[in-house]
Each structure stands twice: as C-alpha cells, then as structure tokens.
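Note sheet for the following structure.
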Amino acid sequence: MQTVNVDIAIVGAGGGGLRAAIAAAEANPNLKIALVSKVYPMRTHTVAAEGGAAAVIKEEDSYDKHFQDTVAGGDWLCEQDVVEYFVQHSPVEMTQLERWGCPWSRKADGDVNVRRFGGMKIERTWFAADKTGFHLLHTLFQTSIQYPQIQRFDEHFVLDILVDDGHARGMVAMNMMEGSLVQINANAVVIATGGGCRAFKFNTNGGIVTGDGLSMAYRHGVPLRDMEFVQYHPTGLPNTGILMTEGCRGEGGILVNKDGYRYLQDYGLGPETPIGKPQNKYMELGPRDKVSQAFWQEWKKGNTLKTAKGVDVVHLDLRHLGEKYLHERLPFICELASAYEGVNPVNEPIPVRPVVHYTMGGIEVDFNSETRIKGLFAVGECASSGLHGANRLGSNSLAELVVLGRVAGEYAAQRAVEAQSVNQSAVDAQAKDVVARLEALHKQEGNESWSEIRDEMGTVMEEGCGIYRDQASMQKAVDKIAELKERYKRIRVSDNSSVFNTDVLYTVELGYILDVAQSIANSAIERKESRGAHQRLDYTERDDVNYLKHTLAFYNENGAPRIEYSPVKITKSQPAKRVYGAEAEAQEAAAKAKEQANG
C-alpha cells in the first residue's frame, strides 16, 4: 500500500471540498493538501445545481430579512448563530466568486441579476442562467489549480478515515484506475462528500452520492443530526427525477392540477397571483416542504394527472413566459424537458412530481464546521451545520458550500499546525484493518445481490419515510432496513478484477447508504410531531414543548442506532407560527403599521 503524507486531506472535490482546499491553501501556503475525489472534480454533484445561490444584494433587502426567512423556513430548528454568520458572509463569497471569474447573470444596467426563490420574501438568489452549479464549480476548480500545494487524487474511493486518540489522522483510499490502495496521513480531515438521498428510490442525486462521508464519521462515533428531515423538491421529471429548478417558478412558472387550477392557493400559499413574472412572494414560491405536501394532498383528492407510464404528476406551465425569455433565463430546462420528456416548454406544460432532493441532517458539526473528533471537519450536504433546520430554503445550499467551505478550510489549516505528535504505529494498524476488511469482502460467501438490496431499500424508504409518514409506515422501514443490513453481510462479490471494480465499489457504497437509511428511519420514528419536512399523519402539529431539539443518531454496530437529543441555539427569533400567503401578508402589514405608529 502506497503512503502519502500531507497536512490536510479533503474527501470530496465538489463545491465544498474545493472551497475548503482553496481556503486552507490561502491560510497557510506551506501546508500540503490532498484533495481526494471519487470522480474528476467537474463531474461532482455540485455541477447538477441549477437555480442559484442566496446572498443579500438589493437595497430593500437586509441580513435580518434573510435570517428571518431562513429560520422560519427551517421551522425554528436552525442554529441561529450559524444562520447569522451565513447571511452576513454570503455576499462576500458571491463577490469573491465573481472576482475569480464566475459569470453571474446581469441586468441591462450591468448589475448582478437576482431571482426569487421559494420561502424568500425578496429576490436574493444570484444565478448564472440555469447552470449555476456548473459555473460555480468551474470557477472554484480553475482557481484551485493555481495552488501547487493542492495535490489531487481523482478517481480515488475513500474506504475509511483514520483516527488516533480522538484526532483525525488521515484516510485509506482505493485508486480505482489501478486497483491499488493508498494511505494518506494527515493532521486534519475535511469531509465534503454530499448527502444521502440515494437511500430513496426516486431522487435527484447522481450515482456517486451514496452517503460515504456520513457513514464514515458515523462509524467513528460522530452522531448524525436531524436525519429525519429529508427534502422533497416539488418539481422533478417523472421518469428520471431530473430537477426542474425552482428558478422556473422564480421566473414566473405556475403549477396546475388536472383541471388547470392553481391549487397552491388552497394550502395556505395564496392568494392567487397574476400569471406572468410574479410580484407576489408566495403561491408557487412557497417553501419546498409546503409545495410538496400540497402535491400529496392533490394526489389524495384525485386531482393529479397520469403519465403514459401511470405516474401521478401535475403541470409546470412556463408557456406564458415566451420563447425568448425562456431561452435566455432557462435554456437548460428547455433542453432537459425536451430530451427526457419530449416536451417543448415554449408550447407545452412540463409534467412534474416531487422528488427526494436534499438531506437537511448530516454529520454534527459546531460553529467552526468541526465534529466531536478533533481535526475532523464536514461541510456541505453531508454536514449538519444547523443552517437549514427542518427545511432548507432553495439557493441557501450553494451559498453554504462556499461560506462554510471557507470556514472548514481555514480551521482545518489551524488544526493541522496545532496537531500533537501522532502514534503512527496505531494509525498504520488501523489502515491495515481497513485493507483486511476489504479483502474479507472479496472472500465473503453468500447469495445476496447488492442491486436487489439497494432496490428494496429505496422502495421501503419511499413508502415509509415519504412526504407524509405515520408510525406504521416508519416501523416498516425500520424493520426492513435492519433486515437488509443483515442480508448485506451475505453479499457475494463476484468480480475479482482490480481496475475499476464496480462490483466492489457498489457493495461498499451500499454499506454506507444503508447506514444513512437506518439513521433516517430510526430518527424519524422517534420524532412524534410534524415539523418542516417531517410530516406525520398521526402527529399533525408542531410540538415545541417536547421536540424543539435536534435528534442525534449514534452508530451501533450490532443493531439500531442510539437516539439522543441536543438543544437548539436560539439567538433572536423565538418559535412562532409559520405563515405564508395572505396570512403572512396581513402579518407583515400589521408589523409595518405598528412600526410607523411608533415612528
């Protein structure tokens, strides 16, 4: 096994990993940084983000407004000190990206253009047409290659992290191109591996997003926090799960049921707004959890349409925006709708349905993006920073990658310098154990198939932990995942080749994502309330008395995770009723009148 010695090792080369690498390199040019990625950086999942990144820019906007939208959107489960830091630093990072070359879309006068996004009461989403993730990632990637101290390990699959006496000390990875193994010794480790939505069958995530980093931290004793909160995006293509960005609705797209009726006005998101570029901040621009829940209600009422394959959908109608506007603002959406549904959005509505999109929960980290293991950091969707609470607002996540990616990189650089001497023999022994486990997997006898187990997992998670849940459905998921974890021990790996052995890769990935699925199901069944993306048919109300707290799932090698709780940090926004539409407008008008009266 090859050995490489660096100061910082970063797992994942998407937006969060790249930003952390750049920040660490700038913080201390003398540090050696390993950037380890399952794929070439421009193929990481950040590239799939379409809509934009949130940051205050308009004169009538403010940090406090962004803060209030985020906390209310997260149903008051956000860590409010993290939200305050985020809203203040996001404009700085957006400007930095521009200086590095990110081509933000512009208005005619040359100012940066911004669009509305769901749950935000003012336009603050910076965008680059509808390929924002691509342009953001390309900007970070081309910036990172300017730093010679960043050494890339592309197409390397991390098998485990190494920990000595409570301190992160590196990782073991498989070089997929050669089939060889490499031990990367480091004094700080940053996990930036994305979320765990592939625990569900119908999702927007790329094939590489299998909860790797979540599981690795989890198995080393770091709790996974708030895993029950899984976001359904309201508008995915029915046959593929490919996303129709929220920018479609931000630009004026509308959602209608089988009768052509804009049904969202019936679910606390009205009044109905004029068709065209929306002046109102609600209806189709309600938060994602509310809009997805409205679809479920329409489906129960029989108001959805059926595709040729029998899938229930509603229509996303963009026709009124016109061909020129669509091709200027949403060119990629037009391409995707045509390629995967045979629909030209200029002339026809797009069939859509909710699709699993984002895990609000993740690896528990503190204000500095550090876990309970010293020198182990996490950033992006794999991390539970506390920014998103029980429901993420669209466009906060791309901004999170760069704001908290910078934090993780800077503090990792600090930890790398401060690190005490390491018991290298103990670390080497751990690395050998990782190799032994991999060899044992090759020799494992049984007749189970990773593909069958993965399919069964996806189906039961959809049925048990979907948009709406109840005790019986979640118990079924809990029991089934426990059964699948036992069957996983009897998977037979039939491919003995060394180069790009996907049989081994998919088997190891399945072990990771089963951990994620179990943490989701077991966390969900213990939260006996409805909050944000966790909606129960048997506990329909939010319960701040008993459940205004974070769920912590601790790994148990021999069974179900141990569930504990931790408090929510509230700095200035006390829990209140979450309102949108006419009720929110009335509330805002009353507050404005009171402010004027107090003059």
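The backbone N, Cα and C atoms fix where each Cβ goes, glycine too.
Residues or ranges marked as active site by Swiss-Prot: His233, Arg249. Residues annotated as FAD binding site in Swiss-Prot, with similarity to another entry given as evidence: 12-16, 36-38, 44-52, 156-158, Asp212, 357-358, Glu381, 392-398. Taken from Swiss-Prot, the feature tele-8alpha-FAD histidine covers His45, and the record attributes it to similarity to another entry.
Minimal Cβ crowding within 10 Å, among the binding-site residues Gly12, Gly16, is found at Gly12. In the three-state DSSP classification, His233 (active site) falls within a strand. Nearest by CA distance to His45 (tele-8alpha-FAD histidine), out of the recorded positions Gly16, Gly52, Asp212, His233, Arg249, is Gly16.
The Cβ of Asp212 (FAD binding site) lies under 8 Å from the Cβ of Val11, Lys38, Val158, Thr193, Glu509, Tyr512, each of these being in the same chain and 6 or more residues away along the sequence. If you measure from the Cα atom of Arg249 (active site) to that of Gly52 (FAD binding site), you get 13 Å. The local packing around Arg392 (FAD binding site), expressed as other Cβ atoms within 10 Å of its Cβ over all shown chains, amounts to 29.
Within its own chain, Asn396 (FAD binding site) has Ala54, Thr70, Phe86, Leu387, His388 as residues 6 or more apart in sequence whose C-beta sits under 8 angstroms from its own. Residue pair Gly52 (FAD binding site) / His233 (active site) shows a Cα separation of 15 Å.
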